[in-house]
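Novice: Taken from TrEMBL, the feature region 'Disordered' applies to 1-69. The compositional bias 'Low complexity' annotation in TrEMBL covers 30-58. Here TrEMBL flags 66-155 as domain 'Glabrous enhancer-binding protein-like DBD'.
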Amino acid sequence: MTQERPSPASSDDTTTTNISDQHLSPPSSPSTSFDSAYESSDASTSSMDSDGSEPVVSKKPRPPVRSWPASDEIALLEAVADHREKLGRLPSPKDLAAALRGRLRAEDRLSTDQISGRLRALRSRYDNAALRLSRGIVPVKDSDVTIYRLSKLIWAGTRRGKREKKPRAADDARKDPREFGELTELYPCLSAEVETIDAGCGSGVLKRAFGRIGDDTAARLEAKVKIQRLAEARSSAALDRLRTNVARELLRFVE
């Protein structure tokens, strides 16, 4: 008579808690990794063949090993976040390669194809981590928490590689036009640009059309104008410093 041997029960090492990513910190109990969805423990299951031969042991596959170390991924995300904060846009792979030179553990990862591929992988992992976090499952490693927070700075508000659809100007146009003075108080930078453009036309048509602009479109354009003005101010300050240095060097040759 063949006696069946009970297979060991697999344990669930995932802990779920109601937690916001604003207070994200690695839990003391095991949780999930930023690399992949939460895994059950690597327990093996065994079963005895009916003829009494040796049990067949099956193991669950291990999650894939990172091709980039966490420190290099953090350096990459820091470079992207810094570039976007300063210039208001995402950097090109060529810009990133220049910014990361000397900062990675492996300098052979600085090709544009490798950088682009790693950013796509990090973006996909951020989307998955954000979904798990909404269910109360937090990253387990300090490095994964850092990667999540940096990724959120870059990609928050977008999902699965697609940016949120921006409203077209006609979608939020107002039927009751507002006065230019009212819009100047709400959107001072944008209003100044509209006034400058309209002065070049000399007809006043653009200022009248500005009164029908919707708040969503106006707020988006106001933010863009502010970013552009900040970039111009920084560029102007850098030019002033350069001119000062040139003048200082030339004064050394004045007799």
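Note: Cβ is positioned from N, Cα and C throughout, glycine not excepted.
Since the structure is predicted, the reported quantities are computational estimates derived from the model, not experimental observations.
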Novice: Using DSSP, how many residues of the domain 'Glabrous enhancer-binding protein-like DBD' (66-155) fall into helix, strand and coil, respectively?
Specialist: 66 helix, 1 strand, 23 coil
Novice: Would you mind giving the whole-number mean pLDDT across the domain 'Glabrous enhancer-binding protein-like DBD' (66-155)?
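Specialist: Here the predicted model's pLDDT, averaged over the domain 'Glabrous enhancer-binding protein-like DBD' (66-155), is 86.
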